[in-house]
There are 2 protein chains.
Amino acid sequence: MLNLETLSMDQYSFVANAFSFGLAVMASTTIFLWLMRSSVAPAYRMAVTITGLVTAIAAYHYLQIMLSWEHAVSIETGEVVATGEPFNRAYRYVDWLLTVPLLLIELILVMKLSQQETINKSLKLGGAAALMIVLGYPGEVAETIGTRMIFWILSMIPFLYIVYQLVIGLKESVDKQPENVKGLMHIAAYLVVASWAFYPLVYLLPLAGVTGGSAIVAVETGYTIADIVAKAVFGLFIFTIAVRKSEAEAGASGTSASKKA
Amino acid sequence: MLNLETLSMDQYSFVANAFSFGLAVMASTTIFLWLMRSSVAPAYRMAVTITGLVTAIAAYHYLQIMLSWEHAVSIETGEVVATGEPFNRAYRYVDWLLTVPLLLIELILVMKLSQQETINKSLKLGGAAALMIVLGYPGEVAETIGTRMIFWILSMIPFLYIVYQLVIGLKESVDKQPENVKGLMHIAAYLVVASWAFYPLVYLLPLAGVTGGSAIVAVETGYTIADIVAKAVFGLFIFTIAVRKSEAEAGASGTSASKKA
């Protein structure tokens, strides 16, 4: 149970601003992606649509988190006073349960593999991602350090499987991508791994005895930055890859090129 | 009458999160379907449009359910206290009255039967579905177990008729579908039957003497999962069938094939 009264008023406002920033970034990325959807070839529109869905879902949850943060506290003569309503951190898990599998699916879709391979890899990676989130949740809400530790370990199994798949398993598919996007594709895959590595570390903070106002600020702004990198920045990489591949394919075939001109 | 004070704060929050998850799933599925609408052949656009309508209507009702859940309770020093405002479970019936007939119509539309057969089957199945919901409602709000039981039986008659139609009645039409979607079509029909089978069971829980906080959690999250399967997951099956049939038909006719290249 978080004790929000350990926050100074400045700390409380800083986190509120971070949530508002998260909402603004996610919502504007969504609108950008959906408005620009028609500038990629039809084969990549599903990838761009889902990329926008991920940031849209995240925008919704940042709105909910922001409101929950607001209702959990009232400011009285410069002091943070808890209202009794809990700050609902579970919104993050609800968000991840939906967005993390979709993130992996957008990466797979932009690769334009065969239909069978797309379904196969989406089920495997998406399923592992959902399992990772479901296993993390009981530890997050657990009262004891022991339970938290057990579910951290359980959740790390699908996490490491996904990292392995992104770094090694998808390598062959990435190597078959056109030259002009291979670099971006590698960056996108590493961006996922790097931004995701942040989450299990934050999860462990209470075990390391980090508590109080500064810990709450570190966790909440940390998750927000990681979410922005993993969803919005990653999404813009996916969009750029889709644009470049569309251009390369339009250049290769006469008909589509003239249609695009 | 539900006694929400039998819920622990964690149980109350868990259900709130389930409703928020339901809203996010329904809304994002709607946006996906409507944005991707142009990627199916014109013959299947009505099916995809209605599939998105079903999830849109569900999203609206999950918002209402979520707000009603929020207003029915206030959290005071970690305890769930009823505000006196009732939790309005009737939103589910209002939702089903609209979405359940539409669900069956999307399945019929994606089959692309003759115009006469489409109208015929839509009226029969859609009408039976509406009747099923209308007959279920008086039992849901009834004070006595006897009344609940009577309307359960009455409501099961159209329910069994629909199951019969989906499993046996539509078999002939499904068998005429192209090879690449026949499997998906069968899964879609069974998905409806399997997810729907959950509702009459939940309806009976109060008769089985299941009450208290855990019963409320089971019923509300159970309905939410069943709704997600019956509307969003089912909807994505309908969309996939529409895409595959569009591709197959474009491949069969020269003009559309060149249009897709």
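Glycine residues also receive a Cβ, built from the backbone N, Cα and C atoms like all the rest.
According to TrEMBL, the feature transmembrane segment maps to B:12-36 (among others). Listed by sequence, the residues of this chain that lie at least six past the ends of the transmembrane segment (B:12-36) yet keep a Cβ under 8 A from its Cβ atoms are 4, 48-49, 51-53, 55-56, 58-59, 62-63, 65-66, 69-70, 73, 75, 80, 216-217, 220-221, 224, 227-228, 231-232, 235-236, 239.
Long-range contacts of the transmembrane segment (B:43-63) within the same chain: residues 19, 22-23, 26-27, 29-30, 33-34, 36-37, 91-92, 94-95, 98-99, 102-103, 105-106, 109-110, 112, 224, 227, 231-232, 235, 238-239, 242, 245-246, 249, each at least 6 residues beyond the stretch ends and with a Cβ under 8 Å from a Cβ of the stretch. The transmembrane segment feature in TrEMBL is assigned to B:43-63 (among others).
Feature annotation from TrEMBL assigns transmembrane segment to B:93-110 (among others).
A Cβ distance under 8 Å defines the sequence-distant neighbours of the transmembrane segment (B:122-138), meaning residues of its chain 6+ beyond its ends; these are 90, 93, 96-97, 100-105, 108-109, 147, 151-152, 154-155, 157-159, 161-162, 165, 203. Under the heading transmembrane segment, TrEMBL lists B:122-138 (among others).
Per TrEMBL, the feature transmembrane segment maps to B:150-171 (among others).
Here the transmembrane segment (B:183-202) has long-range neighbours at 103-104, 107, 111, 152, 155-156, 159, 162-163, 166-167, 170, 174, 177, 219, 222-223, 226, 229-230, 233-234, 237-238, 240-241, 244, meaning same-chain residues at least 6 beyond its ends whose C-beta is under 8 angstroms from one of its own. The annotation transmembrane segment is assigned in TrEMBL to B:183-202 (among others).
Annotation comment: TrEMBL describes B:222-243 (among others) as transmembrane segment. Among residues of the same chain six or more beyond the transmembrane segment (B:222-243), those with a C-beta under 8 A of the stretch's C-beta atoms are 18-19, 21-22, 25-26, 29, 33, 36, 39-41, 44, 47-48, 51-52, 54-55, 58, 62, 92, 99, 103, 106-107, 110, 181, 184-185, 187-188, 191-192, 194-196, 198-199, 202.
Tertiary proximity for the transmembrane segment (B:93-110) is limited to same-chain residues at least six positions away from its ends with a CB under 8 Å from its CB atoms, namely 44, 46-47, 50-51, 53-54, 57-58, 61, 118, 121-122, 125-127, 129-130, 132-134, 136-137, 140, 162, 166, 170, 188-189, 192, 230-231, 234-235, 238, 241-242, 245.
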